[in-house]
Amino acid sequence: PKYRFRKRDKMLFYGRKIMRKVSQSTSSLVDTTISSASRPRMKKKLKMLNIAKKFLRIPKEVPTLQLKEPPPSVLEADLTEFDVANSHLPSEVLYMLKNVRVLGHFEKPLFLELCKHMVFQQCQQGDYVFRPGQPDTSIYVLQDGKLELFLSEPDGKETVMKEVFPGDSVHSLLSILDVITGHQRPYRTVCARAAVDSTVLRLPVEAFSAVFEKYPESLVRVVQIIMVRLQRVTFLALHNYLGLTNELFSHVSSWPAMPPAPALSVTENEGSGGLMRAGNRVRMGKAGAGVWDVCPPPSNPVTVGCSGWSHLTAGSLETPPAPPPSLSRCISMPVDISVGHWSHPISLQSVSHEAKERKSVTVEEQPSGVHHYDCEDDTAAGTCPFGPYQGRQTSAIFEAAKQELVKLMKVKDPSLLNNRVLLHHAKAGTVIARQGDQDVSLHFVLWGCLHVYQRMIDKAEDVCLFLTQPGEMVGQLAVLTGEPLIFTIKANRDCTFLKISKSDFYEIMREQPSVVLSVAHTVAARMSPFVRQMDFAIDWMAVEAGRALYRQGDKSDCTYIALNGRLRSVIQKGSGKKELIGEYGRGDLIGVVEALTRQPRATTVHAVRDTELAKLPEGTLNNIKRRYPQVVTRLIHLLSQKILGNLQQLRGPFASSGLGMASSSEPTNPTSNLSTVAVLPVCDDVPTAAFTLELKHALNAIGPTLLLTSDIIRARLGSSALDSIQEYRLSGWLAQQEDIHRIVLYQTDSTLTPWTVRCIRQADCILIVGLGDQEPALGELEQMLENTAVRALKQLVLLHREDGPSPSRTVEWLNMRSWCSGHLHIRCPRRVFSRRSPTKLREMYEKVFEKNADRHSDFSRLARVLTGNTIALVLGGGGARGCSHIGVIKAMEESGIPIDLVGGTSIGAFIGALYAEERSAVRTKQRAREWAKCMNSTFKTVLDLTYPITSMFSGSAFNASINKVFQDKQIEDLWLPYFNVTTDITASAMRVHTDGSLWRYVRASMTLSGYLPPLCDPKDGNLLMDGGYINNLPGNDVGDPPSPPSHPAADIARNMGAKTVIAIDVGSQDETDLCNYGDSLSGWWLLWKRLNPWAEKVKVPDMAEIQSRLAYVSCVRQLEVVKSSSYCEYIRPPIDCFKTMDFRKFDEIFDVGYQHGKVVFDGWSRGDIIEKMVKDRRSADFYESKRMDVLTCPSAGFTDLAEIVSRIEPAKPYLSDGYGD
């Protein structure tokens, strides 16, 4: 742009230039070699230089913030995709490596061993790669061409489930598991056909056998990965998002079942594999034949229908009878049902039944009814108190049952079960384990049956998935994966079962790894044919940091679900400029709108860090919709949520108008769904350990937080945990920690170690922590960071001592860095800077963690920023009426409402800047009162009058009064993030100021048209006026100067990341009951009405008022939208009786605001509004919709079965839960 300079500015410019040259020449003369005779001459020159500066009145140069665009790595995906052409490896090896990765990290010799078994298969167009009836024993990887995966319907029709392109594979992990466990099955309903001439690589699953013999831990790891995928990918997609429940499990188990309890003696029969009753074998019929075959009828009978779901009478559950509700299929997000300890039973308050349909139950607490017998101790052996075993010796029952378990698990040495198996008798109504429990066990049913329930979507009701009959096992999926339980296990009737805890099972498996195969097979046997079909279609894919998931304009043929990691969505405008749209975290659906509407991709989505996703192809989704129409309801629900979310996130009513804020590529603060935060110190002097512990304390008040350092990792996972060979193990464990914690803090080392690299790789956001009282500097780690493409958002955090000076030179800290998304000043308690040994530091913070964090502390403010729970205060304009702002702020402090962000317009900009600098209502009141006294000076006002071409006053006196309050303070140096709003009349746009000279932009925001001249922006020379002309409500009294804007820019605060906005309106109200004077109006008639004391007064606006109303008319709708929004709390004190220039009534106006604030906030306290403000907005989602399958558990440890099998050293406890977790 062409800048315009006044003559005075031009003189100052050349004066500064001359002085710079003089200072350079004098500095070059200062040298150690200068003789003693020339030193007096140097002193004279320096004196002359100082005199010249004073004479020319050259002000000290204040550095300005250099505006930086986000680096390309933030908004652009890598151009290099999975490049086969430029790789030194053959394409077949690359593709196989990519697809075998889903089975874990294979060392190089193991992978090469697998490659020897690859078979090339050439297929002509229309040829079948495999079809129903052929053995399902291979992994197929497409090298070139195109395959189509079909599902054969019962009527003979074939429907396309997915299209396979080069590099993709066709396989079912459940089928791989079947082959590994020795239960090979043929293809039944799935077939693959070449759509064009294709080359296919086939890897027989038998190839893994040789590897597993040499490396048994590889076998265990593969089985665990298959189980984890089943739970995390298949169940997450089908249950959490599509709302399916009992469709996922087979109601008829394929295992051999046990007969009921023996009546006389217990003997083992090798051929039959069951318990004997008086020598006659009694075997269960197929499921649905009735519980009568396995459970003798109680006093209140239980009848069973053809589907196996039972009508339960009140007596069988020991609850009062309730009328059965009508059957319904409810599809919605899951809800947490872990309401108490696992031993607290639930009752079925009401149950309805219909053949082949699901049953709904309501969860209710009951006393515990589990009786535990440790039958390894002969002295403890007694008699069974109830059931068919009543009066029998418990030890005899136990021994016979243990033999059955040995056969089912194929344990070679029965002594492995010694001291590891417990016999339990559960009374009717007892809950054995709850959905979400972390401490899970294997349950082997002897007598009775265990009902397995899962929470319905959007309803506090459970649906019965299946019954575990005698001789069957339940709970094994959670034991194998180490993940929380995905269903509730309940004994609806008296039941006897054996129990093996997770830790005991791992010990058995360490002695004999092959038991994992037997247990895993029982899981696969319980899966429904539908899940097996979906296992072919749903892909588990990993996207490396920087790689594009899809690009703008691509065909939409699938939907993605983020399992862990982070992705960023960027849109490219027609001008070529890129803009950040949003970010996706764990559990988010990606691309669902385009996929369902079949529109091209609207944005480019790339991975911010290494990310795992579940991919649901379009054909598979259509197939599910045809088979289960209720899924459509769920998809409509998901779509409506997406659309409503987009509507609520618009940038206000002027988003697309010329008066709107200029679109910027800078993200508005997408921290609402952060999962991981890395802490990177600028230098060794930064107390990183104390800082992270203090931040963890503040974050714990919001949600469960885990702090990880390299020492904690080595202590919990072993000294070799950070080695490259442990990549899968560490990544899996870290992903699990993200699942069970609201936020994970990564503390980097002080040097560039593998752990530091891992922290940066895992981070959604990087906090660069420096010391505010030191010289601005760029740390060594940061310099290394600058050379790498880091996609995570960066925030600069400057630490200050409690009794230290106010922040300064923040601009220099920011200018020496590349783009940062924001900065924060943190005043630290003295304990943060105290020098203590690591042991003493831990001991001190263990005591600190026992107390609740102070919500007004700066660390709590940082915690709210990181979790998207910022509370913003925005203050409107109204002249002297704005003094009531301070009274409301004082009432907020007394009510315990924290303030994290301050903004305003006109007098609101002035009061907001004072509070952002002081953070105390008392000090803010003192300084504002002194300024108000200056505003009462008539003498100064008269002296400032000028010839009214542009304005009535020159603005010199007003400038001096504002400058006296703020001095040379920069907006960046305020304790609290601050913004104010002005109207740029040069560019006809709204301007939001978050950096630069504080007094100038406050003065610009207080500039009323006709009274003060517009302020020239020191950055670009544009003319700035009051911001309320665009974004505020009008307000003026007849005969009074037009009031400044009344309502703050609440929508701007919202866009800056605030969850809750408290908006205080102090503008005067406009008259609305104006006189209807007809089609014409005589000014003489109006003059007569005003002069004649007996004439009836008429309300007609004068020219000044009409101009004022026209100036503010554009923001009336804005205020109404903001007032009615869910995020804004609107407050208006009763200050209409005060005039715009009534600064002499400062104390009176303050008291009005204070008393009104007390009344309002007392009501908020009683109505829990304040508690909702400080509560995490994701808490409900975190514990319910996103974490039904993974709930918080502070004791969740690392579960890697392969590590247990080949354990080198035991994991040592590092710290108490207060520190380590």
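Cβ from N, Cα, C; glycine included.
All annotation found in TrEMBL is predicted automatically rather than curated by experts.
Your range for motif 'GXSXG', going by TrEMBL and the list 214-218, 509-513, 904-908, is 904-908.
For the pair D1026 (active site, proton acceptor) and S906 (active site, nucleophile), the Cα-Cα distance reads 6 Å.
On the 0 to 100 pLDDT scale, the motif 'GXGXXG' (877-882) averages 85 in this prediction. The active-site residues under consideration are S906, D1026. Their Cβ neighbour counts within 10 Å are lowest for D1026. Secondary structure counts, DSSP: the domain 'Cyclic nucleotide-binding' (102-229) has 40 helix, 44 strand, 44 coil. Summarised by DSSP class, the composition of the motif 'GXSXG' (904-908) is 2 helix, 1 strand, 2 coil.
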